[in-house]
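Pulled from Swiss-Prot, these are the features on record:
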ACT_SITE  Asp79  active site, proton acceptor
SITE      Arg15  site 'Important for substrate specificity'
SITE      Thr80  site 'Important for substrate specificity'
SITE      Gln163  site 'Important for substrate specificity'
Amino acid sequence: MLGRPKIVLASGSPRRLALLNQAGIEPDALRPADVDETPKRGELPRACANRLARAKADAALKSVQLDDELRGAFIISADTVVAVGRRILPKANLVDEASQCLRLLSGRNHRVYTAITLVTPKEAFRQRLVETRVRFKRLSEDDIQAYIGSGEWRGKAGGYAVQGIAGSFVVKMVGSYTNVVGLPLYETTTLLAGEGFPIRFGWLNTVGV
C-alpha cells in the first residue's frame, strides 16, 4: 500500500484483523507466530500476556527481516489472557476445557488482559497491557451445553467469544470492550501514532463502510 509505512499483523486471528480494519488500518501482511502459549508454572496473568505478545513479535520480526518487501515495516502482535484471580484460563480447544471455563466464570467476576507489542521500523519494541473487568450472569447447565454446541468457544481465551452469543452472558464490563475481543483499539492506535504511524491514512477510504 503506497503512501504510508508498511504494517504487519503478527496474528492469524480473524477478530484482530477485523478490529484493525475497523480502525481504518489494513495490514500489508499477516505473520502468525507458532508460539507455545502454555503459561509457565506460577506465572501471573499479566506476565504471561506480556511474554507471549513479545514472543509473537520476535517471531514475526525474524520473518519480516527475511522479506525484502516487508523489511522495516511496523509489526503489531497481541496476546489475550482470561483470568479468575491468579488462575489463567486456557484457550479452550476441547469441550471439557470450555465447559470447565464456563462453570468457573458463571456468576463471577474475571479479568481479561491483552498485551500489545509494537516493533518500530528501527526495531525498537514498545508494549502496553490493557485490563478489562467482566462479570458473567449465573449460567444454567442448559446455557453451558447450548453454548458448547454452538462451537463459538473453540480456540478462545477463557472458552468464550464476547462478540458472539456470549455477549448475552455479560452483566457488567469495566474497561475496553475491544480488549476483550482481542485487540484494544484505543491503546493500539495510540501506540502506533506515538511512533509516527499515520493512523488516519486509510480513513478516507472507509466512507462506504
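Backbone N, Cα and C atoms are what each Cβ position is placed from, and that goes for glycine too.
Feature annotations (Swiss-Prot) mapped to structure.
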residue	record	DSSP class
Arg15	site 'Important for substrate specificity'	helix
Asp79	active site, proton acceptor	strand
Gln163	site 'Important for substrate specificity'	coil
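The Cα of Arg15 (site 'Important for substrate specificity') lies closest to that of Gln163, out of the recorded positions Asp79, Thr80, Gln163. Annotation for the recorded sites Thr80, Gln163: lowest Cβ count within 10 Å of the residue's own Cβ, Gln163. The Cβ neighbour count for the residue listed as 'active site, proton acceptor', using a 10 Å radius and every protein chain shown, is 27. Of the recorded residues, Thr80 (site 'Important for substrate specificity') and Gln163 (site 'Important for substrate specificity') place their C-alpha atoms 15 Å from one another. Gln163 (site 'Important for substrate specificity') sits 17 Å from Asp79 (active site, proton acceptor), taking the Cα positions as reference.
Other Cβ atoms within 10 Å of the Cβ of Arg15 (site 'Important for substrate specificity') number 17 in total over all chains.
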